[in-house]
Amino acid sequence: GNITRVTHFILLGFTHLAQLQRLLFMVVLLVFIVTMTENILIVLIATVDPALHTPMYYFLKNLSLMEICYSLDIVPKMLINLLSERKTSSFTACALQLNLIVLFISSECFLLAIMAYDRYVAICHPLRYAIIMTKKTCRQMSAVAWLSGFPVAVGLTGWLFSMPFCKSNEVNHFFCDISPVLKLVCSDTNIFELLVFIATLLIMVLPFILITISYIYIIYTIVQMPMAESRQRVFSTCAAHLMVVTLFYCTTCLIHLHPKSSLSANNKKLVSLSYTVITPMLNPIIYSLRNSDVREALQRAFSRKILSERL
């Protein structure tokens, strides 16, 4: 008798930090601007600079594109809600946001696994690298990464938003995520939670296992190298990728492996804030600061621009 048709949701966001809303807005806005600038620069420089037309930078460009799409899906709405008294999201908008979140998280998981495989082939089979990692193969791998989460995203989102909502329309989060929306459902969700867990294992744990296996072989190959200088140089090419993988998985697995975990709602918001806002900003910094090729490509691009302006 209490089941009603929900037409919109209220995103509570950081209402528990009422005195810090404007400060949080300024911080998130600054991080968002930096994130978009960094990732757009990487996409542009990896596209226009011939020295970066290699599989590693092709995948890095795709990673930056994913970070751009992911940030645009979450942060602008979050910024609006931080300044608004009525923090609403329509039923359709909420479903679409969640669908895109699942899609982009899935895509990034598989792309990180592909990037690990690329490093494995480059280090363990250098003589066959050009034959294995052709342009066609790279394009196909990227397409698989982008589309890998589409069936899961559509299936889970469609099922979740077809359930009856009767407890409330207040989502205790700053975006529409599975866990806070699931808490508003008044029907039995055990089967849905089981499928979410299985999907998470396939989307997140399986790529992580592939990454781990790749780096076991990579580390074994590096250890066998005779010169310490060679070992250090080769490992430095993998360090940035390992840091990105660690940042991504430490936060997303904590949230998505347990849709109804015992972690408090406010703590979940902080963890989610780290991988939705902070991590997309850190990834380009990690790659740029640790990668001389990217820095040199940026220097060449700015040098050409300055020279053309003078002429």
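Heads up, the Cβ atoms here are built off N, Cα and C, so glycines get one too.
Residues or ranges marked as domain 'G-protein coupled receptors family 1 profile' by TrEMBL: 38-287. Feature annotation from TrEMBL assigns transmembrane segment to 23-46, 100-122, 143-161, 194-222, 234-258, 270-289.
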Best-contacting stretch, by C-beta pairs under 8 Å, relative to the transmembrane segment (143-161) and drawn from 23-46, 100-122, 234-258, 270-289: 100-122
Cβ pairs under 8 Å between the transmembrane segment (23-46) and the transmembrane segment (270-289), at least three: yes
